[in-house]
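Written out below as structure tokens is the structure these notes cover.
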Amino acid sequence: MGDIILCDAPVDLYPDMGTRLSILKRQAQQFDKLKEKGDGHSHDPDSKSKDDQKEKKMDRLVTVISSIIRILGPEIWLFLAVTMTAVGAAVVNLWTPLVTGELVNGIASCLQDSSEHLDILDRLTKPAQKLLVLFAANGLLTFTHISLVTALGENIGKRLREELFAAILKQDIGFFDQYRSGELIARLTTDIADFKSTFKQVITQGLKAFTLTVGTAYHLIRISPPLTGALLLSMPALYLSLWAYGSFLRKLRNEGRVWESISSGVAGEAISNIRTVRAFAGENDELGLYSEACDGVVDVNNRFGFHMGVFRGMTNASIGVMVLIVLYYGGTLVSKGEMSPGNLMSFMISTQAAQRALDALGGMVGQTIKAIGSSGRVFELTLSEPAIPLTGGIKLDNLEGNIRFMNVDFSYPSRPKEQILSQFNLDIPAGQLIALCGHSGSGKSTVASLVERFYDPDEGEIWIDSYPLTKLDPKWLRSQIGFINQEPTLFASSIRENIRYGNPSATDEDVMNAARLANATEFIESFKDGYDTVLGERGATLSGGQRQRIAIARAILHNPRILILDEATSALDSQSEQLVQVAIDRLMQGRTVLVIAHRLSTIRNADRIVVMGRVPGQIIEHGTHDDLMNKKGAYYQLYNQSLKTQNSGIPHVHPFSWNKKTKSD
């Protein structure tokens, strides 16, 4: 038996994994920098001055703070309630050591004199009652605070996710050429979760810890200025450790985020292309690549944990020294009669409260550093504006469909040095069928993308009717264009909803009529659930011909004035192609049609065939099929080559059979 060869994927599907991983890391690092819009090049950070880097860090901090204020706006009353309960709980905790000191002083005074039993109870009862009230108030405030801060965090997280998703959706196509879907998903999930968690922690613990620190400092000074002064002398060691490790921990956290983005990207790419992975038995390769990315995450996080442990250890050691100073020097003051036992007890409890507060603040340093990095990326993305806006511009009352390319230069933002079109000129009259053909990589599909304004030319202009493309409303423009490619994208929803995607306001009757015109009714009704049949991801449960007919039905509902067909039938067998071709013929009636052709036998009836060469944007020749065949030039050679391919075993292809008499202006 002969070997089985699969030809539905590139031969070089699995290049050197180290090379692929380095590419992923570079992409993740580029995303992490969030370059300015319109700049398709990565910048070398070494070329920037230190002042520029400091200014960038300050700009990010300003962005984070201003964005937090902005998203807190609708929740201002809830935020104030959360703040008040946090401060209230902290104030209660501040009073507890003082009342405890009163209780200790009462006990000490009872031991020193021979008071009556009732007098002793009276001395102890009042402080005890105060403590009970404080404990009850602390419990109530803590309960209220946690409930409110949870609601606040969830509301902010939801709003931030919605803003980020909206910001991602409005980005131009060049943005998605540069950044992987896994990295964007990580922003929506991991980064926002980090921000929400840290935000709640700052409000819950940070605000209370800060209030306790300030309040206990006041109480300590009031109780014993000498002892407080001795305590303050031990503080510099703590703050030096904070300053020393803050910047280093931030760098480690950012490096960890890069590796997390890489691992998400690897997993997302493998899952979305699972059929190709399975066809080439690439499961172990993908698992190995993912494992290597996860190793990077583990390595960075382990180093972060180690240094965070050093940081926390230094903090705890400094606090331990502070407690020792209080015990030693405070005991000396009590022995000299300069301080009462109750005041020493109050001082000790206040010191422990300060210790817990400082410990909480120290523990939050790593989380805050992590959140500033992640939230900075999120907020910068939510505030970034695409080079091509979604809306805004002229909406024509009557689009004829004349398209003109004038001296267009173009390179993809992700590959700025690779010229795709150079001084490209093309006229597409309204109501005509124009076909583009030529070698792979000659820029045929790029022309289609520029018509839809997925990108803007680097130089030159594109006009539709009497208006530059840049003056027209992009959303309105795309509502006038229908696009069907070789692999149409369907959503993991019902057939009905996939067809209705072309016109969300369409009725069920409109959907069924569009399916009938697309020759899709028969196979749809053969399913048990009919139009309510739920498709797999990307319509994987349907055949290629069935997916194409669903896409055609969707385009019929869309009712475009301009139709773009990008090798729409090149991947189908002859039987499926005939059914799809009939549906396409119906769809093309009375519209301006641009066909990107691979099988040249499908474009014999085109009004004009444009042959593109290997030189960027070069049109070698153009004319009707008969004219070009008589010239015996490039098209003649391409056409005969395609016929030889068909005679080698590929079934005969049905040409576009558009009846030109039915065309309307």
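Even glycines carry a Cβ here, placed using N, Cα and C.
Heads up, TrEMBL stuff is auto-annotated, nobody curated it.
The domain 'ABC transmembrane type-1' annotation in TrEMBL covers 80-370.
According to TrEMBL, the domain 'ABC transporter' annotation covers 403-641.
Per TrEMBL, region 'Disordered' is recorded for 34-55.
What TrEMBL records for 76-95 (among others) is transmembrane segment. Distant neighbours of the transmembrane segment (76-95): 134, 137-138, 141-142, 144-145, 148-149, 151-152, 155, 203-204, 207-209, 211-212, 215-216, 219, 350, 353; these residues of the same chain sit at least 6 beyond its ends, with a Cβ under 8 Å from one of its Cβ atoms.
Summarising the annotation, TrEMBL assigns transmembrane segment to 131-152 (among others).
Annotation comment: TrEMBL describes 202-221 (among others) as transmembrane segment. Sequence-distant contacts of the transmembrane segment (202-221) (same chain, at least 6 residues past either end, Cβ-Cβ under 8 Å): 82-83, 86-87, 89-91, 93-94, 97-98, 145-146, 149, 152, 227-228, 231, 346-347, 350-351, 353-354, 356-358, 360-361, 364, 368.
Per TrEMBL, the feature transmembrane segment maps to 227-248 (among others).
Annotated transmembrane segment per TrEMBL: 313-331 (among others), in sequence order.
Sequence-distant contacts of the transmembrane segment (131-152) (same chain, at least 6 residues past either end, Cβ-Cβ under 8 Å): 75, 78-79, 81-82, 85-86, 88-89, 92-93, 95-96, 99-100, 103, 200, 203-204. Across the domain 'ABC transporter' (403-641), the model assigns an average pLDDT of 85.
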